[in-house]
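Annotation source TrEMBL lists transmembrane segment at 12-34, 54-87, 99-123, 172-196, 217-233, 239-266, 278-300.
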Amino acid sequence: MKNVRKLTEGAILLAAFAVLLLLTIYVPFLGMIVNLFLAVPFMLFASKNDGKSIVVFIVASLLLSFIVGTIMSLPLTLAYGTTGVVIGYLIQKQKNMGVLFITGSLVFLVNLIIIYVASIVLFKVDMITEMIEMMRESLNVSADLLKNFGNTQDSEKVLEQFNNGLNLIKTLIPTLFVLSSFLIVFIMQLISFPIIKRFGVRVEKWKSFKEISLPKSILYYFLLTLLVNMLMNPEEGSFWYMAIINMTYILQFLMILQGYTFIFYYFDKKGFSKAISITIAIVSFLIPIFLYIVGILGIIDLGFDLRKGFRKKE
């Protein structure tokens with residue numbers, strides 16, 4: 001009886017996954033939203049079943065995606081499937097939200113890297129490099145038009161700035177992979193958890209944004225990265241240059257995140273409306289100089305624990 005129930009549940013979830021996959025592949029604009037729901041059937045199944053059943057479910061979903069889609073749908077299934085399964089299994093083991101988020105993000109990141117490398121090795125297609133080169137060619141055409149109108153000096157300056165920007169994007173591909181993985185999994189969980197709760201799966205609540213505080217060790221890594229950069233001064237384009245600049249950008253992002261959590265914490269303790277904190281966050285995000293100030297605030301909060309004073313008063 002138990003096996004029949006498991007088979008029935010698995011079949012229903014696979015059917016739901018097939019519908020979501022078809023919408024993702026064949027309905028372009030809707031697919032951009034629907035793809036974030038692809039992990040839901042995997043989370044539901046993995047949160048209620050044993051490891052052997054989960055493996056069978058993954059294999060069945062891969063076969064199904066090959067039948068209803070194309071060979072190109074397999075990476076999509078693998079990325080969202082394995083991420084959903086890992087998150088679902090950790091929910092079954094009653095792990096906290098931090099573990100669910102970080103582990104899920106790392107699994108999704110590994111999938112992204114595998115897909116990217118496989119597309120280069122197997123199909124000789126580097127989509128990111130090709131996209132950057134297309135932008136560069138488009139820029140060169142625009143620069144030639146400016147030259148024809150006599151704006152030679154302006155066009156050369158603009159061309160140089162944009163080329164530097166494109167080179168930076170190419171260098172920061174690892175950072176973009178990391179941040180996009182964490183962002184996608186965050187949105188995925190935000191959408192999926194309310195759904196799986198309706199099916200009787202118990203999931204812990206997210207910690208309030210203002211209560212989030214990163215480990216102090218993150219600050220030490222950040223300072224160490226800056227020190228190594230100053231001492232080594234690696235040549236642009238070298239391995240160490242790419243490693244250090246990517247580490248710097250990721251850690252800077254974390255400092256900014258810490259700064260934002262402190263802003264929300266501070267205004268909450270002072271009794272101000274949440275709308276003020278949100279407005280400050282939006283304005284600072286749009287104006288780069290304010291973003292640096294938020295990052296510095298995050299560094300100070302991590303280094304000196306600015307929240308300690310508020311906790312003492314309580």
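Using the three backbone atoms N, Cα and C, a Cβ is placed for every residue, glycine included.
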Cβ pairs under 8 Å between the transmembrane segment (54-87) and the transmembrane segment (239-266), at least three: no
For the transmembrane segment (12-34), distant same-chain residues with Cβ under 8 A (at least six beyond the ends): 40-42, 44-45, 57, 60-61, 64-65, 68-70, 73, 76-77
Outside the transmembrane segment (217-233), six or more residues from its ends: residues with CB under 8 Å to it: 240, 244-245, 247-248, 251-252, 254-255, 258, 299, 302-303
